[in-house]
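Over in TrEMBL, the protein carries these features:
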TRANSMEM  29-48  transmembrane segment
TRANSMEM  60-80  transmembrane segment
TRANSMEM  86-106  transmembrane segment
TRANSMEM  113-130  transmembrane segment
TRANSMEM  136-158  transmembrane segment
TRANSMEM  170-189  transmembrane segment
TRANSMEM  195-215  transmembrane segment
DOMAIN    260-395  domain 'GGDEF'
């Protein structure tokens, strides 16, 4: 028993010696090069996405995104070749695996799965059939075949469930270990790689990928907080004009593709400038908050209803899978709720009214601007005909 314990301690000691030996200055610097390559690729992709926003470039962007891992690995290989004539490629192969894994998760492109499988197949042929048929053992061939299959399947699963894997730490670690191990087993038989070195390389990959994942997580939290601030109106805490533009565009496209029924309600507080001029902007802000609350309370039971402050005293409601009858009922309830508001000030108490325009998408609305303008014209019709009214398809319905 004592002899077995000594052997175990020797193996553990040897493993840690190999593991920490992998983190030499060249290796750590290579990792920072990988981080730089990832940042560069992300900047290029963002620039291209901004430059080619139209539908006709969509397939082109998918094509480019599919080849990003190969491009990034080519840059890394060029760097490794320049510093040591590529003599350390085996101990740094986990950096290439890291790039594959990262972009497979983050870009979520099916094309990457096909390219990765093709590259793995080329590795399989090169490592197993370029050595001579007599050098291939049944065991090494079986391991390589299984590894190739695991690489293909794991790449497909990682790409398909990338969001869930990113959100779940356990799934992230499992996916990383399976993906890295399958690549290692593909290379292991042909390179006669020491088992302890192989395990150490997997552990090294986990350390590096965890570092990148932590940086990504912090960046994502900051980004989501920024987007939340951009998409939320500071005063009313409703969704902002920026959020409205995005949602309106998506809903309009869905309606045009006949996947949803779409209605749009636009609302404007009557005589709001007079309120500001008479009672001051603080009271005006209070009115905006009260009206926002009244509108919100009357749409909570409607599935698919989104409320936005789209500018000044103007609000918008996007209603998906809602017909004219339901949109009209909602609008009348909102009108009644706002009419019941009473604002107390030092100069007295006053009530609030609101004008509303309701439009349902028709095929004649060729663009989202046409649809928006039609709803807005109904709002102006209510404004110009006594205010405190709901106009549905050009007809005032509350009188």
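Each Cβ is built from the backbone N, Cα and C atoms, and glycine gets one as well.
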Exercise for the section: Return yes if the transmembrane segment (113-130) and the transmembrane segment (195-215) have at least 3 CB pairs under 8 Å (sequence gap of 6 or more), otherwise no. Expected result: no
Completion exercise
Checking 29-48, 136-158, 170-189, 195-215 against the transmembrane segment (60-80) for Cβ pairs under 8 Å, the most are found for 29-48
Problem - CB contact flag for the transmembrane segment (29-48) and the transmembrane segment (170-189), at least three pairs under 8 A - result: no
Exercise for the section: Determine how many residues of the domain 'GGDEF' (260-395) DSSP places in helix, in strand and in coil. Expected result: 57 helix, 41 strand, 38 coil
Exercise for the section: Mind checking which residues of the chain, 6+ beyond the ends of the transmembrane segment (170-189), have their Cβ under 8 Å from one of its Cβ atoms? Expected result: 90, 93-94, 97, 100-101, 120, 123-124, 127-128, 137, 139-141, 143-144, 146-148, 150-151, 154-155, 157-158, 161, 164, 198, 201-202, 205-206, 209, 213
